[in-house]
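Features reported for this protein in TrEMBL:
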- 41-61: transmembrane segment (TRANSMEM)
- 121-138: transmembrane segment (TRANSMEM)
- 158-182: transmembrane segment (TRANSMEM)
- 246-264: transmembrane segment (TRANSMEM)
- 348-372: transmembrane segment (TRANSMEM)
- 392-413: transmembrane segment (TRANSMEM)
- 420-441: transmembrane segment (TRANSMEM)
- 480-498: transmembrane segment (TRANSMEM)
- 576-594: transmembrane segment (TRANSMEM)
- 615-638: transmembrane segment (TRANSMEM)
- 686-704: transmembrane segment (TRANSMEM)
- 716-735: transmembrane segment (TRANSMEM)
Amino acid sequence: MMMGDDVENGNLGPYLDRPRTFPNMRSKPYTPLIFRILRGINVRVLVILLFLGFGYVFYIGASTSPIIVFVFSVCIVSFLLSIYLTKWVLSKDEGPPEMAQISEAIRDGAEGFFKTQYGTISKMAVLLALVILSIYLFRNTTPQQESSGLGRATSACITVAAFLLGALCSGVAGYVGMWVSVRANVRVSSAARRSAREALQIAVRAGGFSALVVVGMAVIGIAILYATFYVWLGVDSPGSMKVTDLPLLLVGYGFGASFVALFAQLGGGIYTKAADVGADLVGKVEQGIPEDDPRNPAVIADLVGDNVGDCAARGADLFESIAAEIISAMILGGTMAQHCKIEDPSGFILFPLVVHSFDLVVSSIGILSIRGTRDSNVKVPLEDPMTILQKGYSVTIILAVLTFFGSTRWLLYTEQAPSAWLNFSLCGLVGIITAYVFVWITKYYTDYKHEPVRTLALSSSTGHGTNIIAGVSLGLESTAIPVLVISVSIISAFWLGHTSGLVDETGSPTGGLFGTAVATMGMLSTAAYILTMDMFGPIADNAGGIVEMSQQPESVREITDVLDAVGNTTKATTKGFAIGSAALASFLLFSAYMDEVSSFAREPFKQVDIAIPEVFIGGLLGSMLIFLFSAWACAAVGRTAQEVVKEVRRQFIERPGIMDYKEKPDYGRCVAIVASASLREMIKPGALAIVSPIVVGFLFRVLGHYTGHPLLGAKVVAALLMFATVSGILMALFLNTAGGAWDNAKKFIETGALGGKGSESHKAAVTGDTVGDPFKDTAGPSLHVLIKMLATITLVMAPVFL
C-alpha cells in the first residue's frame, strides 16, 4: 500500500501549525479494472454496447420465458432507481474542508485494502476453479446428463464458469457497498450540522443504493445464467436436458458467491475489529480520550474498517444469501414439479426470481418513504431514528405480503391442486412473520431501550468481570427464542406444503420441502430493505467519527451519536435476520445435496443414520469445525489488535506532543499494520472451511470402499453438514447478540447513565465492548456465511464423496 511521504516519515510539523489536516493513505484513488475499462470507452461506443447487451439479455429472456423478461425489466428499473439515489446522495455537500480531508483519508485507505484483499481472493478463486474443473472432468455423470447428452467436459466448463461468475458478482457487490459508504459518510456528517432528519435520510438512501444494486445483481445474474443455459443447451427440445434439471447447473454460481463472501467477511472483520480494539484499549482506557479522537493514531484505521468490514463484506454476504436461497429453491421447485408431472414447471422453478424482483419494488418504496424535513434550516426535535426505520420496514412488509400472494397465484397455480397456491402463500407469510420476529428479538436483546442491555450496563458498575459474565449469559440466553421461532417456522411451512394437495405418481404428498423453500423466500422477500438498514449502521458510525475528528460542536456530535447507537442496533438485527435465513437456506441446500447424491449414486439417499459410528464421528467433526473456526477468527483479531496496541503505545511515548495537539499521529502506520495482518490472518480459517468437508468426505469414501459401504463418504459429509449447521446457528446467535449488547451497553453509559463517559462503569463497559468486537463483527457474521458455504461446497463436490 502506498503512503504519502509525510505519513511514512511522520514529518507533519506541529499540530497547531497544521490544524485539522489529514493526509491521504494512498497516492491516488483506486478504481477496479472493469470500471477503468468502461471509463476509457467512448460514450457513443458504450451506449451501443449497452444497447447490444440489453438486446441480448431480452432476446434470451424472450426465448426462455416471459417470466424472465419480467425479471430483467424489474432489475433494470431498480438499477436506474439506484443511479437516481446515487446522484441524490452525491449532490449533498461534503461540509468544511477538514471533513472532506478526513473522508478522503478513509476512502483511500478502504479502497487500497479492497484492492489488495480482493486481489488475493481472486487468485484463490482461480486456483479453486482449476480444482473444480479437474474433479468434474473425471467424475461420474448422472442419468439426466447422459440422457441429455451433456458430457463431462461441458458439465465441467458450465460449473467452473458459473463459479467464476458468482465470485465476480459477489466481489462487485462488495465493492458497491464500500464505494457508496466512503462517499456518503462525510455527507451525513455535514447534514448533521443542519438537520438530524436530513442526516438520517442521506444515510438511508446511501444504504438503499447499495442494497438495490446487490439484490438486483443477485437476481439478474442467476436469471441471465439460467436463460443462457436454456437457449445454449436447447432445453426441453427432443434429446436434450429437461427444464427441471437445469437449476442444478447453477450450483457453481452459489458456491462462487459463498467463497468470496467468506473471505471478504473474514478479512474485513479482522481489519475492522483489530483496529477498533487497538484504538479503544489505548485511547479510551489508557489515555482517557474520547472515541474517534484525532489524537488516536488508530482512528483512521478504525474508520476504514467500518467500510471494509461492515459495508463491503456485508454486501457480499447478502448477495451470497440471496443467491444460495434462489438456487436451492429453484432446484427443489424443479424436483417437485418433475415428481408431480406438472405440465409447465417453469412457474415453480422461476418463482424465487419473481419474489426477489418484487423485493426490489417493495423495498424501493420503503426506502423512499423515509423523507427529510422540507426546510433543513429549521431545527426540529429528532424523532427516534429506529422508529422511523421501523415505519419504513412496516410499509415494506405490508407490500411484500400483498405481492407474495399475487406471485403465488400467478406462478404456483396448477389444475392438479387448485388450492396449492394458497398453501404456499401461507408458507411465504410464515417466512415474512419469521423475519419480522427475528428483527424484533434481536432488537430486544441489543437495544439499550430494553431491559437486557440496561441490566448489562448496570453490571458494569461493579467491575469489568461482572460485565463480562453478564454479557456472556445474555448471549447464551438470546439463543433460545430464535431457535424456537426457526423450529416453528420450518414445521409450519413443511406442513402447509405437505397438505397443499400436490402428490407424486404413487399418491404421496411432495410439497413439504418446497413449502419450506417458499418460507425462506418469504423471509428474504424484504432483503433489500434489511440490507439498507444494515448499511445505515457503518455510514452513521463513520459520520460520527468524522464529526469528532473535525472537532465539530457538541450538538452535531449528539445527533451522530444517536444515529450511531441506532446503527449498532440495525447491524445487530440484520445479523439476526441473516442467521435465521441461513438456517432455512441450509436446510434447503441439505435436501438438495441428498437429491444430488441420489442422482450420482443411482440409488435412494433419503436418511442419515447417526447411530452408525462413522456417521456420528462426521457430526462431531462438523460441530468441532464451528468451534475451531470461531476460535481462529477471534484469535486473528486478538493477534492483530496486539500489533495495533503496541504501535499506538509507541507513538504516544515517542511523540508526547500528540496529547497536547502539538504533534500529529502517524495514522498511515496503523492502517498498514492492520491491512497486512488481516490479509495474512484470513487465510487459515478460510482454508479450514473449504478443505475440511472435502478431506473428510474423501477419507470416509475410501474407508467405505474397503468396508463395503459405498455411500459412507456421502453419509459422513451429510452428518458433518447437519451438525455444523445446528452448532453454527447457535454459536452465531450467541456471538452476534452478546457483541451487540456489549456495544450498546457502552453507548447507554455514554449517554450519561451510571456516571457517563470516563467513569469506572464506562471503563468496564469499554472492556466488554472490546471483548464483544470480534464476536459480533468477525466470528459471528463469518459463521452464517460458513454454514451456507459448507452446504454449497458439499453440493458442488458431491462426486468426490462417491
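Heads up, the Cβ atoms here are built off N, Cα and C, so glycines get one too.
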Counting only residues 6+ away from its ends, which parts of the chain sit with a Cβ under 8 Å from the transmembrane segment (576-594)?
317-318, 321, 324-325, 328-329, 331-332, 431, 434-435, 438-439, 441-442, 482, 485-486, 489-490, 513, 516-517, 519-520, 523-524, 530, 605-606, 718, 721-722, 725, 729, 732-733, 736-737, 781, 784-785, 787-788, 790-792, 794-795, 798
Answer yes if the transmembrane segment (716-735) and the transmembrane segment (41-61) have at least three CB pairs under 8 Å among residue pairs 6 or more apart in sequence, and no otherwise.
no
Going through 41-61, 246-264, 392-413, 480-498, 686-704 one by one, which has the most CB pairs that fall under 8 Å from the transmembrane segment (615-638)?
686-704
In the same chain, who gets a Cβ under 8 Å from the transmembrane segment (246-264) while lying at least 6 residues past its ends?
117-118, 120-121, 124-125, 128, 132, 155, 158-171, 174, 218, 221-222, 225-226, 229-230, 233, 235, 312-313, 316-317, 319-320, 323-324, 327-328, 330-331, 333-334, 349, 596, 682, 686, 689-690, 782, 785-786, 788-789, 792-793, 795-796
